[in-house]
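S.K.: Pasting the relevant annotations from TrEMBL:
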type	residues	note
DOMAIN	2-213	domain 'RNase H type-2'
BINDING	D8, E9	divalent metal cation binding site
Amino acid sequence: MRVIAGIDEVGRGPVIGPMVIAGVSIASHDLEKLKLMGVKDSKKLTHPARIRLAEEIKKIAIRYELVEIPVEVIDRNLLKGVNLNMLEAKFMALIIEKLKPDEAYIGSVDVNADRFKKMIEQHLTKLSVKLNVSHHAEDEYPVVAAASILAKCRREEIINELKQRVGDFGSGYPHDPKTKEFLIKWVKEHGALPPFARKTWKTSKKALQLKLNEALI
């Protein structure tokens, strides 16, 4: 039996919340089941469809792994000069070593897919596995789409729990006016950014600068 893995991430761009990377390992003879189930890129599915498919994926998977990278880890690494590509490569390699597949399919987050493949390989010290790294892998390989569904469902769960605690902050993406306004208001009320915001993002820095400008008036 050949074991095939798919790896994907969500939450790379938002200013609020963690990044989540998921990995799924499937027996090669079960790959066709993913297509029949209707598995495709999580962005092309409704929330209820993602929830339903996530449960079905977990049932046929040999194993699945989820890694949540909190905002403080993202910020700390960026300040040290470790960019998001490097960070993702490290955690994707960690997931691959846990899944122990014969072959892994991964969506490239780098414009240069070969370069990203080499980044991952540098961290694969305990395992010899064939890596297939390409752009839009979630559209081409259902096993990668399956990973994207698990990652998306977990991040949505985290974000929904967060909104129940602190109120609606919109999509959490830097371009969202509601997210920007939420951060500005939070900084005004608390004098600092919320612990769930990425402090190295320009949106966060602008919210802090507005508070500083007000203090100088």
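Just so it is clear, glycine is given a Cβ too, placed from its N, Cα and C backbone atoms.
Automatic prediction, not curation, is the source of TrEMBL annotations.
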S.K.: With a 10 Å radius around each C-beta, find which of these binding-site residues (D8, E9) has the fewest other C-beta atoms nearby.
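M.R.: Across D8, E9, these binding-site residues, the one with fewest Cβ atoms within 10 Å is E9.
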S.K.: Check E9 (divalent metal cation binding site) against DSSP and tell me helix, strand or coil, would you?
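M.R.: E9 (divalent metal cation binding site) sits in a strand per DSSP.
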S.K.: Mean pLDDT across the domain 'RNase H type-2' (2-213), rounded to an integer, is what?
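M.R.: Averaged over the domain 'RNase H type-2' (2-213), per-residue pLDDT gives 95.
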